[in-house]
Amino acid sequence: MSSSKKQALFIASLIILWYSSNIGVLLLNKLLLSNYGFRFPIFLTMCHMSACAILSYLSIVFFKIVPLQVVKSKPQLLKIATLSVVFCGSVVGGNISLRYLPVSFNQAVGATTPFFTAVFAYLMTFKREAWVTYGALVPVVVGVIIASGGEPGFHMFGFIMCISATAARAFKSVLQGILLSSEGEKLNSMNLLLYMSPIAVLVLLPAALVMEPNVLEVTLELGRKHKYMWLLLLLNSTMAYSANLTNFLVTKHTSPLTLQVLGNAKGAVAVVISIFIFRNPVTFVGIAGYSMTVLGVVAYGEAKRRFR
């Protein structure tokens, strides 16, 4: 086999693993939080972050998948801790929303990330895009409004949590660009995860004990009742790390445009698979709204590339 074919096969395998990890962790989150009676989104996020902390350390320090980048100062560590808290908020909010919303609608709302990124970039860095680029964001927002009106399983609290998580994710990406902007402080995504994960666990542990006081008792009971409970929790947490690792590798081995197209398609694939698995009712209006949002995201990415 030629080297070009080997490279193509390697990239295809990475993309399949990236899709499987991202969609798998999303569906398992929904399964655990809604179908298994495991109603502890903060503790679940803590499990994810614990797995990320352990596996990041093994991947970087022992297997040397990427070179270890050392934190050079207390101010840099403080900046990483700030990002970690925002990251925690976005993941917890997303997991809480899955208790109340179908995965399909959760993905529709999540697709509005570019809108919030553009807003925060403008407010925090005064970075302006061309008017055509901002115009492309209109269908992104209108699509979610339409999808909300056509969603049979719409839940206001779940929607607020989902939109908050989406906004926090966008805020974190803009904040990361500001806080770690100097060449000496920049970290690649895997090293950033290595340092953010343990901080996240330290933040989430007391939060889980205070806000989900019976979590250990109920989790042990569910483990006795459902024989696959612990396996699902372990698989779910491992997939959370795998999603981050494969995202980093796909970003490294493909172009930004390819990554954008794959990211948009990934959301659509997750929606279709979740509808087949969870059998949640969908309407033509809901599908039309989500389609408009995805097309808006595609148009925004293209406008941003052309009118840079």
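Every residue gets a Cβ built from N, Cα and C, even glycine.
According to TrEMBL, the feature domain 'Sugar phosphate transporter' maps to 11-300.
Outside the transmembrane segment (7-28) by six or more residues, the chain places 1, 48, 98, 103, 106-107, 232, 235-236, 239-240, 242-243, 246-247, 249-250, 253-254, 262, 266, 269-270, 273-274, 277 with a CB less than 8 A from a CB of the stretch. Annotation source TrEMBL lists transmembrane segment at 7-28 (among others).
If you look up TrEMBL, you'll see 40-65 (among others) marked as transmembrane segment.
Under the heading transmembrane segment, TrEMBL lists 77-98 (among others). Through the fold, the transmembrane segment (77-98) approaches residues 26, 29-30, 33-34, 41-42, 44-45, 48-49, 71, 106, 109-110, 158-159, 161-162, 164-166, 168-169, 171-172, 175-176, 179-180, 185, 187, 192, 195-197, 199-200, 203-204 of its own chain, all at least 6 residues removed from its boundaries and within a Cβ separation under 8 Å.
Using a Cβ-Cβ cut-off under 8 Å and counting only residues 6 or more beyond its ends in the same chain, the transmembrane segment (104-124) has close neighbours at 26, 94, 97-98, 133-134, 137, 140-141, 143-144, 147-148, 151, 153-154, 159, 162-163, 165-167, 169-171, 173-175, 178, 264, 267, 270-271, 274-275, 280, 282, 286, 289-290, 293-294, 297, 300-301. Per TrEMBL, the feature transmembrane segment maps to 104-124 (among others).
Per TrEMBL, the feature transmembrane segment maps to 131-148 (among others).
If you look up TrEMBL, you'll see 154-171 (among others) marked as transmembrane segment.
Annotation comment: TrEMBL describes 192-210 (among others) as transmembrane segment.
For the transmembrane segment (230-250), the list of distant contacts is 11, 14-15, 17-18, 21-22, 24-25, 28-29, 31-32, 36, 38, 44, 47-48, 50-52, 55-56, 59, 65-66, 188-190, 193, 223, 259, 262: same-chain residues at least six beyond its ends, Cβ to Cβ under 8 Å. What TrEMBL lists as transmembrane segment is 230-250 (among others).
Using a Cβ-Cβ cut-off under 8 Å and counting only residues 6 or more beyond its ends in the same chain, the transmembrane segment (257-278) has close neighbours at 15, 18-19, 22-23, 26-27, 30, 102-104, 107-108, 110-111, 250-251, 290, 294, 297-298, 301, 305. The transmembrane segment annotation in TrEMBL covers 257-278 (among others).
Under the heading transmembrane segment, TrEMBL lists 284-303 (among others). Within its own chain, the transmembrane segment (284-303) is flanked in space by residues 104-105, 107-108, 111-112, 114, 118, 129-130, 132-133, 135-152, 257, 260-261, 264, 267-268, 271, which lie at least six positions past its ends and keep a Cβ under 8 Å from the stretch.
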Contact set of the transmembrane segment (131-148) with the rest of its chain, CB cutoff 8 A exclusive, min separation 6+ beyond the ends, reads 105, 108-109, 111-112, 114-115, 118, 154, 159, 285-286, 288-297, 299-300, 302-304, 307
